[in-house]
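Record features (TrEMBL):
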type	residues	note
DOMAIN	12-64	domain 'Amine oxidase'
DOMAIN	70-178	domain 'Amine oxidase'
Amino acid sequence: MGRTVVVLGGGISGLAASYHLSRAPCPPKVVLVEGSERLGGWIRSVRGPNGAIFELGPRGIRPAGALGARTLLLVMLGGSWLQTLEASGCVLSQELFQQRAQEAAATQLGLKELPSHCLVHLHKNCIPQYTLGHWQKLESARQFLAAHRLPLTLAGASYEGVAVNDCIESGRQAAVSVMGTEPNS
């Protein structure tokens, strides 16, 4: 009887892991378990009321509760916009960033109501992805899995990178870890 590998979650990392497992020299039976009605996880395209298409991903808008009454919205501002502000001598303040984020949400998404809660952080020359201590927690989890010889491999945006290419690579690395070999090209 052949080996069976269960992949929990049909997000981009789970789909990548399933694909690479199926390409192994002696591929196992792959069982993909997804809790929602569609594959892709947080990655999806949504058409707005004016025809604009929004690409949502691990850092997209996540509605929760009745009709999205509680919505988490992450707004990242930076690049040339921030460089122009700095060059003009503008004082960079939390109030300024909150105001500009609210203007962007109103203009791009039509969200005119002020948020009930707002957190502002300035991270220069980077894209914030994880909280401080994330890597130590991840290493601790990996050591726990190894010490207890649990047949689990972690993959996805919650662990190492939120970009689509990071998630795909995370799934590939999980497949390699499970199979102990690179999949066929």
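The backbone N, Cα and C atoms fix where each Cβ goes, glycine too.
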### Arithmetic mean of per-residue pLDDT over the domain 'Amine oxidase' (70-178)
83
## Note on the structure
What DSSP reports for the domain 'Amine oxidase' (70-178) is 53 helix, 3 strand, 53 coil
